[in-house]
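Participant: Before anything else, here's the structure in question.
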């Protein structure tokens, strides 16, 4: 069969509908009161948008006005979206909501006025942003965002889908210790090595499949793909790309970051004052459970054609295969 017909078949096979609320439940539930882990309540959201809350680099001013966001971090879950949001919030021309509004997936019926009200106040020239990682895998999100503003800039933080899936499982495990092992959930049939692509932890990492949906509404030039791996190894380099993409001056640079050896990833310094650096919460950098190497091998094989497709679609090689062969 030709490549395209094979890919078409793979696409059709994977287009099995999710169980109702599957992606949603993977996102919800609170842990350690880390903002991105919580299922945001209306009350928190109205607080998030109120004066004096942490709507940006410091406190939200009483002047300015609330605007709909011009840029969104739309994914992916466990990719590094919280780290990216915290880093971009260090820019004086960015105001962002700390909590995840989940407007385009869970709260859409509340309307744009509700959504605008959740946003921090901004001055002319400042960019309003929010992040909700489940948007990337929500079928209706591209159409809904496009109908709000077709020139919205979209940022997707992607990470090796195998480590992303394990991280996703680790997060769920921390809240529900009674769930089956990763191996049990990952396979439809362990003996045949059939991967269960309907399990959200695996399905989210089939980036090519989800991206297809977005490209029906947005040109590639309006979507920036940030490497979750490089956000750790070279945060300033990735942030330079993000600031360029948003049309901002490169203000968030090397001097904003230092590497935290205990955590294993960079933390944000606050150059303007001597307050303690901002590291991500306790729920970040959890130790992953040990996974059978054969399972990892099968997952790599499963994702490889989709990764290659994703590299072709985006024109970017994230080197996830290379990374594996180095180990």
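Glycine residues also receive a Cβ, built from the backbone N, Cα and C atoms like all the rest.
Just so you know, TrEMBL annotations never went through curation; they're auto-generated.
Look at TrEMBL and you will find 1-66 tagged as region 'Disordered'. Residues or ranges marked as domain 'Sulfotransferase' in TrEMBL: 69-304. As annotated by TrEMBL, 3'-phosphoadenylyl sulfate binding site applies to 78, 79, 80, 81, 82, 159, 167, 284, 285, 286, 287, 288. Look at TrEMBL and you will find 78 tagged as active site, for sulfotransferase activity. Residues annotated as disulfide bond in TrEMBL: 267-279.
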Participant: Looking only at the domain 'Sulfotransferase' (69-304), what is the mean pLDDT?
Facilitator: 93
Participant: Please list residues from the chain of residue 80 (3'-phosphoadenylyl sulfate binding site) whose Cβ is under 8 angstroms from its Cβ, counting only those at least six apart in sequence.
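Facilitator: Listed in sequence order: 157, 159, 226, 228, 231, 232.
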Participant: For residue 287 (3'-phosphoadenylyl sulfate binding site), just count the other CB atoms lying within 10 A of its CB, please.
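Facilitator: A 10 Å sphere around the Cβ of residue 287 (3'-phosphoadenylyl sulfate binding site) contains 7 other Cβ atoms.
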Participant: What's the CA-CA gap between residue 267 (disulfide bond) and residue 78 (3'-phosphoadenylyl sulfate binding site) in angstrom, rounded?
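Facilitator: Computed Cα spacing between residue 267 (disulfide bond) and residue 78 (3'-phosphoadenylyl sulfate binding site) is 17 Å.
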Participant: I need the nearest neighbour of residue 279 (disulfide bond) among the binding-site residues 78, 82, 167, 287, using C-alpha distances.
Facilitator: 82
Participant: For the binding-site residues listed here, 78, 82, which shows the highest count of neighbouring CB atoms within 10 A?
Facilitator: 78
Participant: What is the number of other Cβ atoms found within 10 Å of the Cβ of residue 167 (3'-phosphoadenylyl sulfate binding site)?
Facilitator: 22
